[in-house]
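Some features that TrEMBL has for this protein:
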TRANSMEM  B:27-48  transmembrane segment
TRANSMEM  B:68-101  transmembrane segment
TRANSMEM  B:113-134  transmembrane segment
TRANSMEM  B:140-160  transmembrane segment
TRANSMEM  B:189-208  transmembrane segment
TRANSMEM  B:236-256  transmembrane segment
TRANSMEM  B:277-305  transmembrane segment
TRANSMEM  B:317-337  transmembrane segment
Amino acid sequence: MTATTTHTPAGRSGAADSGQRSPVLSARGLVKTFGKVVGLDGVDLDLYPGEVLAVIGDNGAGKSTLIKCLTGALAPDAGELFLEGKPAQFKRPQDARDAGIETVYQTLAVAPALDIASNLFLGREKRRRGVLGSVFRMLDQKGMRREAAQALADLGIGTLQNVAQAVETLSGGQRQAVSVARAAAFGSKVIVLDEPTAALGVKESNQVLRMIEEVRSRGLPVILISHNMPHVFEVADRIHIQRLGRCAGVVTPASHTMPEAVAIMTGATTLEETPGRTAG
Amino acid sequence: MTTTTPPTTAAQQFALRRHSPLQRVQHLLHAHPAISPFLVLVISFVVFSTLNPRFASPNSLSLVLQQVAVIGALAVGQTLIILTAGIDLSVGAVAILAMMLAAKLAEGQGLPGALAIALAIAVGAAAGALNGALVTRLKLPPFIVTLGTLSVFTALGLLYSEGQSVQATDLPAVLSWTGESFPVGRFRITVGVVAVVLLYLAVGFALAKTAWGRHVYAVGDDKEAARLAGIRVDRVLLSVYVVAGAIYGITAWILIGRAGAASPNAITDANLESITAVVIGGTSLFGGRGAVLGTLLGALIVGFFRSGLSLAGVDDQYRVLAVGLLVILAVAVDQWIRKVRS
């Protein structure tokens with residue numbers, strides 16, 4: 001147990017813009033093992049307000065395990081989580097969601113046959129006011145459609161005009177947009193995106209990257225897991241590099257080049273050997 | 001950084017292309033799946049009343065409604081279960097078990113009629129809960145679960161009733177009240193038919209207008225996605241089986257009125273007939289798609305074929321044949337509709 005570890009945010013401030021602000025979400029000494037396989041071997045992570053923190057790493061580096069521990073899909077064996085400085089424990093994905101952490105899964109948790117508005121509100125539908133809502137449990141369809149249209153417009157998705165359209169009639173990028181919009185509409189503290197551009201083409205990927213920037217501009221921090229270095233370097237403020245279950249370092253697009261980050265990620269070099277340009 | 005490009009690429013122009021008539025039909029059916037069974041119903045009405053004008057008479061149509069009532073009621077529960085990508089082979093068996101328990105207790109022990117009805121509904125809900133628990137807790141496929149409980153409930157119904165029917169005349173009047181008829185214009189409507197209509201309205205409302213309905217569709221559509229969206233999938237599934245069971249219990253009451261007796265050997269093919277109504281009504285066997293309105297149309301289509309072909313003097317086997325073809329056609333149309341893309 002690393003119970004005595006202090007959780008001040010000053011620990012790892014390699015980033016230029018982290019300054020003196022306190023992190024929204026931080027993890028200290030996360031350990032997760034699967035039998036003899038070590039998924040996470042004491043990982044620290046800090047997410048600051050209004051930043052996009054990318055998490056990169058080779059297959060098996062512990063990216064997914066790390067994210068699952070942060071979002072309640074897995075319970076870490078050891079280590080602590082702090083949400084806005086307060087200790088947090090997520091036993092189920094729903095716990096993290098209730099705490100304000102919204103996750104967009106790689107498998108896109110959408111119901112294809114339901115329309116866009118229904119998908120945005122899936123699992124937290126709004127009911128009509130008065131007797132219609134309380135006794136007859138009637139949904140406020142109009143209200144949900146209006147808010148869904150607003151949520152999409154807020155993210156600059158003009159192409160999805162009709163929120164009464166079934167999700168299965170949408171392209172991959174549009175479905176991704178619905179998932180991100182859903183997270184952005186309900187995530188009050190943190191948004192986690194797991195490989196949001198993995199299945200998308202160039203144009204659709206750009207749309208999702210613009211949405212990430214839009215979410216950030218509202219002050220909502222984003223954790224972005226991605227394999228795609230150009231995408232990471234385009235939108236990330238800081239980059240958390242996972243390697244063999246540990247954090248091999250946190251760099252920024254200003255301090256390191258793409259090849260340098262990849263070299264650290266694959267173990268060809270280390271952060272000590274390649275400190276990068278000191279930003280600021 | 002907020003540059004928006006006007007839609008000028010070839011792909012975007014392609015997306016704005018005019019759709020072929022066939023594609024438009026596909027889109028229309030995708031948006032309103034009840035159209036195809038409705039068309040079949042209208043066409044069969046026209047054809048059968050041309051073959052024999054007596055088909056369209058109020059007398060004959062009233063009879064069709066009464067004939068359709070029992071399967072139509074069971075098909076409401078069946079629709080709920082098929083919407084979750086399940087299937088219920090035990091529908092008829094549950095209704096019979098609930099009916100025989102209620103009838104025997106009302107006859108022998110002198111249980112008041114209203115209590116007997118409540119008991120039938122409770123037995124149906126309990127049987128549904130058993131199906132639902134096996135599906136959600138033991139993770140068994142609904143087909144296997146209900147194949148098993150079909151035999152179990154059938155055997156229990158026969159054992160308990162010792163294979164004996166109970167005549168409606170030996171029962172409290174309220175149990176056969178569903179068979180009472182009253183005139184509506186030139187039609188004769190039974191209380192049972194009214195009960196079925198109310199069932200459709202209630203379940204139709206719950207599916208279309210409540211969060212529970214949304215969750216039923218979401219679970220049937222993509223279970224994992226529903227779970228990740230924060231829906232308690234097992235709870236929704238269990239509730240669907242319990243509600244369906246309660247509907248089978250209500251059907252038991254309708255059945256006593258319709259048959260004038262509680263017979264353990266009634267509605268032996270209820271499972272297949274109710275599935276037929278659901279499928280012809282356009283509800284997808286793969287879950288997440290469909291509505292009770294379609295099922296009502298599907299049940300009426302089967303009723304029209306039965307009455308229409310017999311009035312046309314055609315051997316009843318042609319009805320069986322025609323309904324079989326309709327089922328295949330309906331599933332083929334469903335598969336085609338599923339391929340729709342914007």
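Every residue, even glycine, has its Cβ placed from backbone N, Cα and C.
Please treat TrEMBL annotations as automatic predictions, because they have not gone through curation.
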In contact by Cβ distance (the transmembrane segment (B:189-208), the transmembrane segment (B:236-256); 3 or more pairs under 8 Å): yes
Same-chain residues near the transmembrane segment (B:140-160), Cβ under 8 Å, at least 6 residues beyond its ends: 81, 86-90, 93-94, 96-97, 99-101, 104, 127, 130-131, 134, 264, 271
Stretch of maximal Cβ-Cβ contact with the transmembrane segment (B:277-305) [cut-off: under 8 Å; candidates B:27-48, B:68-101, B:189-208, B:317-337]: B:68-101
Among the ranges B:68-101, B:189-208, B:317-337, the one whose Cβ pairs under 8 Å to the transmembrane segment (B:27-48) are most numerous: B:317-337
Cβ-Cβ under 8 Å with the transmembrane segment (B:317-337): same-chain residues at least 6 beyond its ends: 26, 29-30, 33, 36-37, 40, 276, 279-282, 284-285, 289, 298, 301-302, 305-306, 309-310
